[in-house]
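Enquirer: Please find one structure pasted underneath; my questions will follow.
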């Protein structure tokens, strides 16, 4: 990851500038050598603040906001370019995707995306970004290198969630009004299967081996498991019941799955809980208390931590995946929506 | 009188208090049942299932039963402090106070020994309560259980000295109900034991101002911060100063020549 090393180098240079005199140079060099591995390991967490038109950058070591990036209007979903040099931010009210350079943390390019882009996903094999255009009932496919529209895939009414299989073969678009998951073959760029989900399907996430897709339904408060190997049918439905919390506040939104096949995490909206699910048995193991109206989730690179965006309370809760415990909540901007962690 | 005889006296006072505590099993059970009822019934019925908003020293959102535990620890110590004051009124009525006060040791030493004994008893009660709360699922960091000890000592001295001072005003055992109504309940309810100060402020600014002046609020916050491995300098200083002032007043009040005892006709009527 060349950009990581570059970032560490720039921080080391910053350390160098604060030196008092030549006598302390040796000391500083020694300290820099000790600090170097920590800096190189530090991960950055990016959080889009829907009402502030900014992206907050959290240092994964100190768990503090270290930078706030100004972006277009109404930033929501984010994704990294496949080479890891840029962060794409869907800015809905600007009908565009802002591309943030991860070295300078500035918007360097803007790609026109079609009306009201909400969720974006990046193709693992090609320089394509898939965008759900809620008002046009399509998923737009954009080539972000050549900056052109590749094609538009018609789906149901009000497309929202977009999931892509790890091998880049399948894409799932969920449509809020049709209550469906549309399974798109990315070779032909056509929707080949259409399956009924719970009410208002929001988000689609594939397991690491690509054998299943988990689709959350906001109003239905369910997660449907789609078998992606043979039948492309719903093989199981997970339901949620948070003790002591009114049923209508339980709304399934963001989903994150550990790559070891152990846990699934589901953000349950205004119930202020993240459900912990056994990925094999689909049993709900626990409900973890986080901030208000938890919306989306992201695991860090080694999957030791889960970050949640809490829209109403305007913060990000950090969950220790080993202990299954919320350890910290970090205030960010107004209405944090999406979260991604540097790979 | 050398140091050893002081130690002997201290041991005597402390072991008498501990013995009294051990022999009064119902008192021990009552001391535990009270906060446990609050934890299991009140906090469970009033769960704030959507969480108590982030407030220091908690690093994230907590359930109400987690928030209420430091306040209940304070409640145990408050009741115990008042119980000690009750026992001092009893001692005075029964004449054992006279036995204590005629000993050759300085009065302040005897009173401090008595306070220390009461504080020790309350700390035993607190740790048993915290162990039950831990098994119930309210778990602070392990180091917090050690760090909270100095805070418990300061709180024990503070409420104990208050009880001691009040005992000089109470002529008869029967008047203890008055202490309950006019001291324990207002101190407990008008503090941050049950709700964070900002929450009280939203409800009533006057109540908030009273709670902000209540030293028990600071004792509870000192305990809360210590349990979560944090040091609250302001709360700790206010608690410590309050403890010292109350102790000074109690010693003064127990002086037969000048204090309340003089006005009431001696320390062991």
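Heads up, residue numbers simply count up from 1 along the chain you see.
Cβ coordinates come from backbone N, Cα and C, glycine included.
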Enquirer: Looking at the candidate ranges B:207-230, B:231-254, report the one that TrEMBL labels transmembrane segment.
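Expert: It is B:231-254 that TrEMBL describes as transmembrane segment.
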Enquirer: Using a threshold of three or more Cβ pairs below 8 Å, and leaving out pairs closer than 6 in sequence, do the transmembrane segment (B:66-90) and the transmembrane segment (B:142-166) count as in contact?
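Expert: These two stretches do touch.
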Enquirer: By a Cβ-Cβ criterion of under 8 Å, what residues six or more beyond either terminus of the transmembrane segment (B:231-254) are in contact with it?
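Expert: Counting only partners 6 or more residues beyond its ends, the transmembrane segment (B:231-254) has Cβ contacts under 8 Å with 57, 101, 107-108, 111-112, 115, 151, 154-155, 157-158, 161-162, 164-165, 168, 215, 218-219, 221-222, 224-225, 260-261, 267.
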Enquirer: Below 8 angstroms Cβ to Cβ, which residues of this chain, lying six or more residues outside the transmembrane segment (B:28-46), approach it?
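Expert: Answer is 21-22, 64-65, 68-69, 72-73, 75-76, 79-80, 83, 125, 128-129, 132-133, 136, 138.
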